[in-house]
């Protein structure tokens, strides 16, 4: 089941638990607007190249739409639709005043020079500048994009609308980015994991964790979790996977990974098959890479007691059912990885205020939001007698449905 089908399924299950009528259900599911644009740029060799860009704006009942822009060869409408809808539910779970959006350009950023990427970003911004905005739709970085991409969007947008730092988040600090944003998703994973373990009368100290994916989210989560006494026993990335039953030396691994562009060859652990990372013996499994990695083929072999979804949609619905029967507790992505969008919200607030927070304030506010978010999800679990995924979805769908009804949009 692809990401869109799985997201729609979870939405419909939540809708039934909440008893929403079919008209309201339909209005919550249909995207507000789907944009497809052609972006033609001159390449460095003088030839012309054309790329297709997308922006799906899913829902704005609770506030401006919010979501990343990814540059990837496989950017396609179904995936963008699913991710836009997930952002609607994620911002609602986090209880920040946004709706969901997502976008991207079908390109391979590794095959484009910096100047070609800049031209492509500026042309894309020219095509969508009147459809995004501080109070309309606020893009952010995603796969294949970063602070520099946001700086180009900000600059191009400002040519049409005047200086507008709040139009994008995930910007460089020098252009109004927030302190703590780089670590935000990984730090949110830490706070979410702590809240989950506390609910079960446990602390992070001494727990054995496996982290699949050692990019921005996975590496920050590993660093922060190990600082709190968690024992990271295995990690993987696109280069390979390593394991040390006594716990990996995360500070050394971070340095090694930066120098060698990956974890492969690190001497502080033994190399293992990257495909086996998800079924390694541990207490907490943190998938922090791609979607759909936990499926019916490997779900029965998973040994973790807890799965904390740091990636978007890492667990297929079939695997969900298998793990539930095994008694594995899954902390769903729409809560577990919401730290990034929460600190993006803080960045937007700071830009609107024209006042920069210090990093301690950012981190403290994030902890407050994540802790409250977990409590809210648990309340919905009790109300509807459901697991954490349905608790998060019913919480999100209920908040968006309430806002939609109050605005008089349900017809």
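Placed from the backbone N, Cα and C atoms, the Cβ positions cover glycine too.
In TrEMBL this protein carries:
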BINDING   66, 90, 344  substrate binding site
ACT_SITE  102  active site, proton donor
SITE      142  site 'Important for catalysis'
BINDING   185, 216  NAD(+) binding site
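Overlay of TrEMBL feature records on the structure.
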residue : record                    : contacts (Cβ under 8 Å, 6+ apart)
66      : substrate binding site    : 87, 91, 98, 99, 100, 101, 137, 138, 140, 169, 341, 344, 345
90      : substrate binding site    : 100, 333, 334, 335, 337, 338, 341, 396
102     : active site, proton donor : 55, 56, 58, 67, 68, 69, 70, 80, 81, 83, 84, 87, 142
185     : NAD(+) binding site       : 216, 217, 220, 310, 337, 339, 340
How many angstrom lie between the most widely spaced Cα atoms of the substrate binders 66, 90, 344? 13
Binding-site residues (216, 344), the one with most neighbouring Cβ atoms at 10 Å: 344
Cβ within 8 Å of the mean position of the Cβ atoms of 66, 90, 344: remaining residues of the chain near substrate: 67, 87, 91, 94, 96, 98, 100, 140, 338, 340, 341, 342, 345
One finds that other Cβ atoms within 10 Å of the Cβ of residue 142 (site 'Important for catalysis') number exactly 22
